[in-house]
Amino acid sequence: MDIVTAQEMYERDRVAMEAAGLDGKMLMENAGRAVTYDLLRHIRKEHTIVVLIGAGNNGGDGFVIARTLLNLGYDVEAWQVVPDAKITGDAEAHKRIFQASGHPYRLLKSSEDLNTSLGRADVCIDAMLGIGVKGRLKEPYVDIVRLCNEKSIVRLAVDLPSGVPADEGQEDFEAFQAHYTSIIEAPKQSAFLQHTQPYYGEWSVVEIGIPPKQLPDPRRRLWDGADVKRTLPERDAHSHKGSHGKGLIIGGSPLMPGSVAMTARASLRSGAGLIAVSTDPEAIPAISPYVQEATFVEGRDGGQVPDLEGYDGIAFGMGFGRDSKKENVVERLIEEKETPLLVDADGLYLLKGFLPALEKREAPTVLTPHPGEFAHLSGLSIKEILNSPFSHSKNFAEEHGVYLVLKGPSTIITSPDGEQRVDISGNAGLAKGGSGDVLSGILLSLMMQTEDVWDALSNGCFLHGTTADLLVQDGHSKVDLLASDVIEGLSRTFRTFSS
Ligand SMILES: NC(=O)C1=CN([C@@H]2O[C@H](COP(=O)(O)OP(=O)(O)OC[C@H]3O[C@@H](n4cnc5c(N)ncnc54)[C@H](O)[C@@H]3O)[C@@H](O)[C@H]2O)[C@H](O)CC1
Ligand SMILES: [K+]
């Protein structure tokens with residue numbers, strides 16, 4: 001499923017009309033009807049419904065939705081919240097159809113009247129503003145949105161909640177707080193940002209007849225279970241431990257032995273053939289009982305860096321510490337340019353001074369920062385990153401020729417050529433120490449088992465989050481879930497998604 005900006009959405013509309021001969025009124029009828037049937041899951045026959053209709057085509061959708069609900073016998077009050085003069089084009093055409101169908105509508109004169117109507121309603125459908133919103137809401141929308149948000153009614157939004165910008169990059173807004181949003185055709189970037197996603201509530205996407213084959217590729221898409229089933233490699237029954245990758249994990253320290261232990265165990269649970277751990281010798285007694293299948297390798301000539309040859313993948317950084325005296329490890333890892341390398345956690349802090357050298361590497365380099373670590377790497381503030389995660393991660397990945405996994409409730413996985421996939425699996429139970437170590441282990445393992453690193457990273461993020469979701473569904477809670485629970489839950493998830 002593509003993820004689009006407002007501009008890309010308008011372009012899709014244009015292509016649909018030019019290439020497929022669809023016209024705006026047909027698209028609006030399709031959109032309104034599809035949204036109605038999608039929203040019916042949240043509406044009961046006995047509900048009183050207020051439909052709020054704005055000035056643009058989002059409002060036009062609102063006339064189609066109100067008409068469809070009335071045709072189905074629902075108790076609907078359609079409120080046009082802007083003067084008649086502002087209802088133009090396709091929206092006006094559908095207003096005429098609405099009226100010709102014998103349905104009345106209310107014209108907003110004072111917010112008191114609307115307040116009374118909302119006071120009697122069970123459901124409010126927001127068809128005021130969609131992707132055409134510019135800047136902060138102007139009156140009368142501010143007043144109306146506040147009235148709706150303070151009422152204890154079910155709030156449903158059409159395409160996106162009024163006031164929420166479609167695109168990343170805008171933090172100053174006031175918006176309709178939807179419980180549920182029915183998105184038209186393709187999710188917009190704001191459905192994936194930490195400061196705008198909450199206004200959507202839950203969301204799903206309705207198809208309105210736009211021909212996918214004719215559409216420009218936005219190079220941004222949602223990675224879902226069907227993609228995982230299609231691309232997760234099958235384990236060859238005649239395989240042997242050497243064929244699923246021999247991985248090296250460099251990290252851990254006497255005070256943080258658990259990190260590499262979880263990375264190693266997660267990697268083996270995800271199908272790695274052999275895992276060697278290079279860590280401070282003092283940490284080994286705390287690690288080996290937890291992951292008996294792992295072997296340990298010592299640094300060469302008493303240093304921290306073991307022999308790097310002969311591995312199918314290396315993961316570096318978890319629990320390693322940020323002591324700049326350890327930077328020689330980073331230099332050696334970059335010089336070992338033939339082996340796929342994943343850098344996480346403390347490794348990202350140590351890597352900062354060596355970013356230009358990454359271009360020397362031929363094998364894939366994967367960085368897996370959370371926003372704080374990405375801020376340190378990129379020099380951006382966390383606020384800037386959260387405001388525009390798509391463009392900042394795309395620019396960084398292209399500039400340094402790396403795969404970038406920017407972790408969060410919506411994890412954006414960017415390839416070195418700037419194409420992006422988003423994983424929205426997972427839950428707040430993952431916002432705990434160790435989650436990142438487990439993810440790194442899963443990613444290392446999948447990277448070694450498939451030619452396509454990007455598929456490996458996309459699938460690894462999805463399997464990690466989905467395991468947490470399955471565990472929370474079956475008995476765990478978001479409070480008690482531990483990173484180590486996710487490791488043990490992986491086998492069930494792999495069974496579900498391996499063909
Ligand atoms: N293929 C599709 O995606 C289809 C989408 N449809 C719906 O059309 C809207 C986009 O319609 P558009 O007319 O371009 O914009 P809006 O309806 O969002 O509103 C524009 C309207 O609002 C005024 N406005 C802009 N900013 C503000 C503000 N800050 N405060 C107050 N008013 C503002 C502006 O002046 C315009 O009058 C899309 O979201 C879908 O819902 C089609 O119906 C079907 C095909
Ligand atoms: K809306």
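Note that the numbers count up from 1, one per residue, in the order the chain is shown.
Each residue, glycine too, has its Cβ placed from N, Cα and C.
Of the residues N58, N71, N115, TrEMBL puts just one in the K(+) site with D126, S162: N58. Of the residues proposed, G379, G434, G436, G441, the one TrEMBL records at the same AMP site as K407, G408, P409, S410, T411 is G436.
Fewest other C-beta atoms within 10 angstroms, among the binding-site residues K134, H370, K407, are seen around K134. Here the Cβ of Y141 ((6S)-NADPHX binding site) has 24 other Cβ atoms within 10 Å, regardless of which shown protein chain they belong to. Fewest Cβ neighbours within 10 Å among the binding-site residues N57, S162, S410, T411: this applies to S410. In sequence order, H370, L406, I412, D423, G426, C461 are the residues of the same chain, not among K407, G408, P409, S410, T411, G436, whose CB sits within 8 A of the CB centroid for the AMP site.
Summed and averaged per residue, pLDDT over the domain 'YjeF C-terminal' (224-497) gives 92.
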